[in-house]
DNA sequence: ACGGCTACCTGCCCGC
DNA sequence: TGCGGGCAGGTAGCCG
């Protein structure tokens, strides 16, 4: 399940292996993979052919490759199961190969978008004046972005009439946080997922944000070590998931702080994992 | 306007 | 063994 750290690992891999290369041809093998492209698969392939890819960018869980010399980008989202792979041209097609990009050079590799559940996809979009694909203008800066505005984030939390985890998953407030890192950051901050955002004083929101950054940087440190090979990793199985999670997936296992069995609660068609002792609901305001 | 809910999709895993 | 159902969940879009 790729969240920000996994997407950043992919971005680095793309920078290493495809930036600067010119597209020869594009093959769309599944229409759903380009459903966000306004013109459909044939148009996507036609417009990308012959273009040279610039340095890949990322905001939250979105990444995009600007096309050199034009205000146009290839936008990608991995969804739940998407992978961007740089593979030898002669290696067998993956079972869920959705898009293939061939290059006009003799490096012998091609870019492949592979996606089992087809929640992800690729598309072409005009850039806004600040170089962002127009369709993601509503996505907030992510917590690893140097220009992330912490003061504005705190004020937005105070203004919202919602709960903490919803706010963490709201990509228009802060981007890049998914279910896993939301639970991890809340556990680290000892905050209940249903605590009203408006009750959070500035030091507590700053602390929560610090934990979000810490858990993402820890995952990045682990996942970021494997991209320096031909295989542009990318399915999010960085290894971090198995070893370093304190909350996510740990139902009935002892809390690593206090030993109390962790709980799982159905929440918004998914699950929230938390320690019932460390992460108590806030006292009800009178 | 805004919060909140659900459809979209496939494979795995469990229970019967 | 096979099948059905639950579960995984990011995002857009819709509903109230």
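Backbone N, Cα and C define each Cβ position, glycine as well.
According to TrEMBL, the protein carries these features:
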ACT_SITE  A:2  active site, schiff-base intermediate with DNA
DOMAIN    A:2-120  domain 'Formamidopyrimidine-DNA glycosylase catalytic'
ACT_SITE  A:3  active site, proton donor
ACT_SITE  A:61  active site, proton donor
BINDING   A:96, A:117, A:160  DNA binding site
DOMAIN    A:246-280  domain 'FPG-type'
ACT_SITE  A:270  active site, proton donor
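Distribution of TrEMBL features across the structure.
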residue	record	DSSP (3 states)
A:2	active site, schiff-base intermediate with DNA	coil
A:61	active site, proton donor	coil
A:96	DNA binding site	coil
A:117	DNA binding site	coil
A:160	DNA binding site	coil
A:270	active site, proton donor	strand
- Report, as numbers and ranges, which residues of the same chain sit near the domain 'FPG-type' (A:246-280): CB under 8 Å and 6 or more residues beyond its ends. 165-166, 179-180, 183-184, 186-188, 190-193
- Distance from the residue listed as 'active site, schiff-base intermediate with DNA' back to residue A:96 (DNA binding site), taken between C-alpha atoms, in Å: 17
- Task: Report, in whole Å, the straight Cα-to-Cα distance of residue A:270 (active site, proton donor) from residue A:3 (active site, proton donor).
- Result: 16
- Note on the structure: Integer Å value for the Cα distance linking residue A:2 (active site, schiff-base intermediate with DNA) with residue A:61 (active site, proton donor) is 8
- Task: Look at the recorded positions A:61, A:96, A:117, A:160, A:270 and tell me which residue has the greatest number of other C-beta atoms within 10 angstroms of its C-beta.
- Result: A:61
- Just the number: how many Å between the Cα atoms of residue A:160 (DNA binding site) and residue A:270 (active site, proton donor)? 22
- One finds that other Cβ atoms within 10 Å of the Cβ of the residue listed as 'active site, schiff-base intermediate with DNA' number exactly 25
- Query: What counts of helix, strand and coil residues does DSSP assign across the domain 'FPG-type' (A:246-280)?
  - Reply: 0 helix, 12 strand, 23 coil
- Counting every protein chain present, what is the number of Cβ atoms, excluding its own, within 10 Å of the Cβ of residue A:3 (active site, proton donor)? 21
- Item | Pairwise Cα distance for residue A:270 (active site, proton donor)/residue A:61 (active site, proton donor) [Å, integer] | 19
- Item | Taking residues A:96, A:117, A:160, which bind DNA in the record, the widest Cα spacing (Å, whole number) | 40
- Note on the structure: Across the domain 'FPG-type' (A:246-280), the model's average pLDDT, rounded to a whole number, is 90
